[in-house]
Amino acid sequence: MASRGSHHTYEDNYMLNSANSLTLGCDCLGTIQYFDGVLNDHKGEPSLIKNAVCIHEEDAGTLWKHTEYRTGKVALARSQCLVISFIVTVVNYEYVLYWYLYTDATIAFEIKATGELSTNLLEQGAIPSGYGTTVAR
């Protein structure tokens with residue numbers, strides 16, 4: 001029987017080992033709790049990434065509201081959201097990953113890609129390889 005290999009791929013390990021050390025005011029705002037990440041390097045040795053994960057709480061609007069029609073008394077509960085974030089740099093892009101844990105037990109995930117466009121020059125007379133787009137000659 002052929003081995004199917006590990007469910008973890010090279011990309012998984014590359015992404016984890018490319019984690020950014022997050023900084024207050026730049027990557028995370030407000031009252032923050034940071035957690036270090038300890039991963040293994042290519043030799044299997046522990047590798048520390050300071051402030052790899054950021055956790056903070058945000059107001060998420062009205063959870064519920066009721067106005068008692070007989071008395072006019074209003075009761076309101078605010079929703080809170082625990083935000084867990086993690087940023088990795090893969091070549092020229094940053095991937096910003098957010099997990100949202102809400103008071104009503106809703107869990108959401110968001111990933112944003114940001115970074116810089118990677119451009120390269122061709123040598124004079126070179127023929128494009130078929131990858132990418134030639135924008136000028």
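Just so you know, glycine gets a Cβ as well, placed from its N, Cα and C.
Here is what TrEMBL records for this protein:
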ACT_SITE  Asp12  active site, proton acceptor
ACT_SITE  Tyr93  active site, schiff-base intermediate with substrate
DOMAIN    15-136  domain 'Copper amine oxidase catalytic'
MOD_RES   Tyr93  2',4',5'-topaquinone
Segment confidence, the domain 'Copper amine oxidase catalytic' (15-136), expressed as mean pLDDT: 87
Secondary structure composition of the domain 'Copper amine oxidase catalytic' (15-136) [DSSP: H/G/I, E/B, coil]: 3 helix, 70 strand, 49 coil
Under 8 Å by Cβ from the residue listed as 'active site, schiff-base intermediate with substrate', counting only residues of that chain that are 6 or more apart: Ala113, Thr114, Gly115, Glu116
